Amino acid sequence: MQMMTRNVLLNMELEEDDDEDGDIGDVPDSRRPFLAPHTPLPSGLVLENFDQTIVCSTFGSLESQEDFRTPEFEEFNGKPDSLFFTDGQRRIDFVLVYEDESKKENNKKGTNEKQKRKRQAYESNLISHGLQLEATRSVSDDKLVFVKVHAPWEVLCTYAEIMHIKLPLKPNDLKTRSTFDTFNWFTKVLRVNESVIKPEQEFFTAPFEKSRMNDFYILDRDSFFNPATRSRIVYFILSRVKYQVMNNVNKFGINRLVSSGIYKAAFPLHDCKFNYKSEDPNCPSERYLLYREWAHPRSIYKKQPLDLIRKYYGEKIGIYFAWLGYYTQMLLLAAVVGVACFLYGYLNQDNCTWSKEVCDPDIGGQILMCPQCDRLCPFWRLNITCESSKKLCIFDSFGTLIFAVFMGVWVTLFLEFWKRRQAELEYEWDTVELQQEEQPRPEYEAQCNHVVINEITQEEERIPFTTCGKCIRITLCASAVFFWILLIIASVIGIIVYRLSVFIVFSTTLPKNPNGTDPIQKYLTPQMATSITASIISFIIIMILNTIYEKVAIMITNFELPRTQTDYENSLTMKMFLFQFVNYYSSCFYIAFFKGKFVGYPGDPVYWLGKYRNEECDPGGCLLELTTQLTIIMGGKAIWNNIQEVLLPWVMNLIGRYKRVSGSEKITPRWEQDYHLQPMGRLGLFYEYLEMIIQFGFVTLFVASFPLAPLLALVNNILEIRVDAWKLTTQFRRMVPEKAQDIGAWQPIMQGIAILAVVTNAMIIAFTSDMIPRLVYYWSFSIPPYGDHTYYTMDGYINNTLSVFNITDFKNTDKENPYIGLGNYTLCRYRDFRNPPGHPQEYKHNIYYWHVIAAKLAFIIVMEHVIYSVKFFISYAIPDVSKITKSKIKREKYLTQKLLHESHLKDLTKNMGLIAERIGGVADSSVRPKLE
């Protein structure tokens, strides 16, 4: 079919342009071809179609409308499940929705007229490029008009070649599903019912070429391009068709038209209702099958139907759910080990000698602790921290050390086995050579104004900016990201100041004498109250900064102008994660590695801003506070995300249904039902990835302080998979299917987290917990020459690790002694390893301190080297692509090339035979008269 070559554009005066159309999507018409210049086209036909234009120069009148090719209006045929035009033959590949300008309530005639002409020009150009349009008014709202788009066979074939879409050559009899026959009886209950969701037939595939159409497996033209592929092709066209020329500048693309309000929505159709099968017997009702076997709560224990997800939503959605499912499976092992370590600590807490000493009225009850702030904080007895010391015994145990080492190995196993699984999916889903297929973003093409010589092809190509311009953009973007990171650090400092100031308030208001009958006095110590309130405030600040920075990061990435959609998402991913890393983890890093480390001693305390004394940890360390911080942030984040992901779209759809209650008795078509669902957003599942990666960081970076983190993550992810599935199938419009080879920039981010996790967990055990000081005391200082016991023991640990201070030895002459007037005390204890008053080197670090420091450094070095060695060995031993998958890829390439080559030889032989016959016939006719 010959494609039409008339484009109709609007040439408006400069003053007519309004603010609704930004710079994105604008480019001088004379400075570039519309399609990517690097794309090898099958013919010059498509380029001509995009470049040939008829410009209408009128303004204020509609004389130019005689050049418009408008869609035909048809009445709704009363079939609510129909996915076809009114004729029942042409499939609806995309739907555009706009509000009839003549019926708008704002009554801005000039604005409405401009929008109408832009829309008409755009639709006319869609028709000129071969698409077929049909318009239908809304059943429930007469102002809305739905424009249904259909791509005929010739258009699909042309753009399938341009987009390098891989399509079936012949059925593939090589691929075998990896099932374990021995365990079929056990795994059958977990698998998707194959009688309901039938396995997809597998094919050898190759990039489509119109010249070799006979080589492809075309049984039926209507089914050769599946609905997801048809939607991809139509969206490719919609994103690149122009609708206005102003001052020799093109404006184009459906995204710009939707954002400016000319169209209200653009989306492909779901194939049926989610809770009922389609009435059309030819419809596969894949949405219903996904809801029943994937999104419904009763399927929570089943494996995901990844092939059907990929077929319906595209590879990009499929790879996300494949990764999330695999991550959740691996979390099961980590959760089991974490629970075992937790139970070990819980069951052995009664054997925790140092906690018994804290709670003992004759030991902890007799130890007077120094005030932790000036003037307002009183002296206090050590046994008021009895309950927190018992909890600390659960988490600060030998099992935690084992679990930290295990998690260092687990994260490597997870990443390496995921690479293998990802390679299998690349082969099964035909995305092995995806990078060669991906087209530039329309926004990038729009700015390609500079001509350069390609170093490889030595041909001219267009780029959006020079090397100098690129450096300027990178510098500005990096500066903006750095500024926001500094803003987060400033907020963390604000939280620290809050902690320092509010601790004084809690110290003066909360009772200091423990009362066993009052649970508040038992559990709510000044340290605990400060930690909980600061964690809650920190979480609120995190969420506020999150919301603001998301918009800033998108603006920065738009300004950076990445070439492809993958480059765009990877760039945005790095910016967002860098911000989120500092935002979510900064408070945890502060508690783990800075709090209580630089406090001085009571005679010479360290002051923040010359006013606030630096925070001190509990006598048992800051590990329990770090656990509290992690629990609040992880739990709060999970609750907040579920509210956003479930309640928000559900409430919005509920409100929409309530507003349409007056027309609820009318039968509404499929496109109108989908329009009233929520739009997914251009970034798709980006925020779902971000949420899971932040969780991955909590599970790995600080797991030494909270062994139950993998269990919480496991429970959350089991629900997350079904919540995301329910959200996609029931609450949101169908997304435009997209290709994806892997999980993108998230893979190197996880690898970086895995490397950092070894260091953070080693340092948490060494510097945040009291495990190393306890081991040093047990093996060195409980026996002579430093100890008085004749055998290794933990008895006397508390007394040995608390230093003595004489309250008259306050050294800061600029301040009054803050301890005078707080009671008739002369000596108090504080948490440090220093010599007592009267010693030749009083208040200097003692020999115990240096033994502990040496042991901590040795532990970090040994633990890091051991785990990194194991990680390196595992990475080396487990190849990224399994041998079977490599063989399958090579075999498929060989057979595909052989098939195409043999087909080409057959055609060549056939043509040569015809030529030979013609030559023979000509020779016979010329020789025969002579013989006669």
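Please read every residue number as a count from 1 along the shown chain.
Cβ coordinates come from backbone N, Cα and C, glycine included.
Quick look at what TrEMBL lists:
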- 84-306: domain 'Anoctamin dimerisation' (DOMAIN)
- 309-892: domain 'Anoctamin transmembrane' (DOMAIN)
- 320-347: transmembrane segment (TRANSMEM)
- 398-418: transmembrane segment (TRANSMEM)
- 481-508: transmembrane segment (TRANSMEM)
- 528-549: transmembrane segment (TRANSMEM)
- 576-594: transmembrane segment (TRANSMEM)
- 692-715: transmembrane segment (TRANSMEM)
- 743-767: transmembrane segment (TRANSMEM)
- 847-868: transmembrane segment (TRANSMEM)
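Beyond the transmembrane segment (847-868), the same-chain residues lying 6 or more positions past its ends with a Cβ under 8 Å from any Cβ of the stretch are 404-405, 408-409, 758-759, 762-763, 765-767, 772-773, 775-777, 780-781, 786, 800-801, 832-834.
When Cβ-Cβ distances under 8 Å to the transmembrane segment (398-418) are tallied for each of 320-347, 481-508, 576-594, 692-715, the top count falls to 320-347.
Mean pLDDT for the domain 'Anoctamin dimerisation' (84-306) in the predicted structure: 84. Remote same-chain residues near the transmembrane segment (692-715) are listed as 324, 327-328, 331-332, 334-335, 337-339, 341-342, 345, 395, 399-401, 403-404, 407, 411, 577, 580-581, 584-585, 588, 592, 623, 626-627, 630-631, 633-635, 637-638, 746, 749-750, 753-754, 756-757, 760-761, 764-765, 768-769 (criterion: CB distance under 8 Å, separation of at least six residues from the stretch ends).
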